[in-house]
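Have a look at the structure below before the remarks.
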Amino acid sequence: MKPLMLQGHERAITQIKYNRDGDLLFSSAKDNAPNVWFSLNGERLGSYLGHQGVVWCLDVNWETTRFLTGAGDNSMRLWDVSNGKEIGKVTTGSSVRTCAFSYSANTAVMSTDKQMKFNCEIYIIDVRNADASLEHQDPIMRIPVDGPKVTSILWGPLDETVISGHENGKITMWDLKMGKEVHSVMDHSGSINDLQFSKDGTQFISASKDCTAKLFDTDTLELLKTYKTERPVNSAALSPIMDHVVLGGGQEAMEVTTTSTRVGKFDARFFHLVFEEEFGRVKGHFGPINSLAFHPDGKSYASGGEDGFTRVHTFDPSYYEYQFDF
């Protein structure tokens, strides 16, 4: 299992994501150009040029025709995947921390940071026939978020709700018809770094700074499982074909120099979904892992690290033969 090393960013990776077919891998970093790669051989297909700051988040729609990025230059941009041209952009008062297409990709959600006099807000934007005039259109809805800012976001079932993870560990469900909070849970004690759905969308996993990842039910936000580690978890992903969870993290980049390499433990760790037991580790990165994604066919996974590399690992045959004893 020799990984593909994708080197196209000069700064730390912030998020990586496969498209639905799994043939393309999108990556964004703390430099200002998100990249798209062929996931099969790691060849770079192109970059999306236009942002002036850190690109914090990205999403790609179901048909891989449009690509969404949110950045520290106070804008969210919509791109044409095939040619890298910018379709439209939305400017905000503070930097855009999260963004996501709805399932139908008719609408998109994004959230902004709390900065200076600007409060954290969740925007719902209509992107059906987006063009250069997108900048001057009002969002369908703006939900002000009082309290800790939103750090990760997902669309709920049937695009009727939005699930957000917050800096203090709270997970909130917002009803978009009423534009207000309908349910929230406080199962984490640290900032929520990442939320990712299972393949069918009935469950999602959260990765938190409190050194745990937790599995929740999408409808009720009921806590189902907890995966514990000794260091902050930056990202967690669920396998589409096996009962496996992969967790990635490590100490924060600023604390790395004060400890030896062994202590850092920048490995991706595999846990069993049901039994919460760790059964494997994959080493590789020279810094914390910031983002993880399973390939939609479940036969490989990718990790993006603080070292600016994206590594694509294809599983060996022994991975599929591995049976948990129960």
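Every residue gets a Cβ built from N, Cα and C, even glycine.
Feature annotations, reproduced from TrEMBL:
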type   : residues : note
REPEAT : 6-37     : repeat 'WD'
REPEAT : 48-89    : repeat 'WD'
REPEAT : 150-184  : repeat 'WD'
REPEAT : 185-226  : repeat 'WD'
REPEAT : 282-312  : repeat 'WD'
Selected stretch (most C-beta pairs under 8 A with the repeat 'WD' (282-312)) from 6-37, 48-89, 150-184, 185-226: 6-37
Beyond the flanks of the repeat 'WD' (6-37) by at least 6 residues, Cβ under 8 Å: 43-49, 51-60, 62-64, 67, 69, 71, 73, 81, 253, 287, 290-297, 302-312
Residues in the repeat 'WD' (185-226) grouped by DSSP into helix, strand and remaining coil: 0 helix, 23 strand, 19 coil
Mean predicted confidence [pLDDT] for the repeat 'WD' (282-312): 93
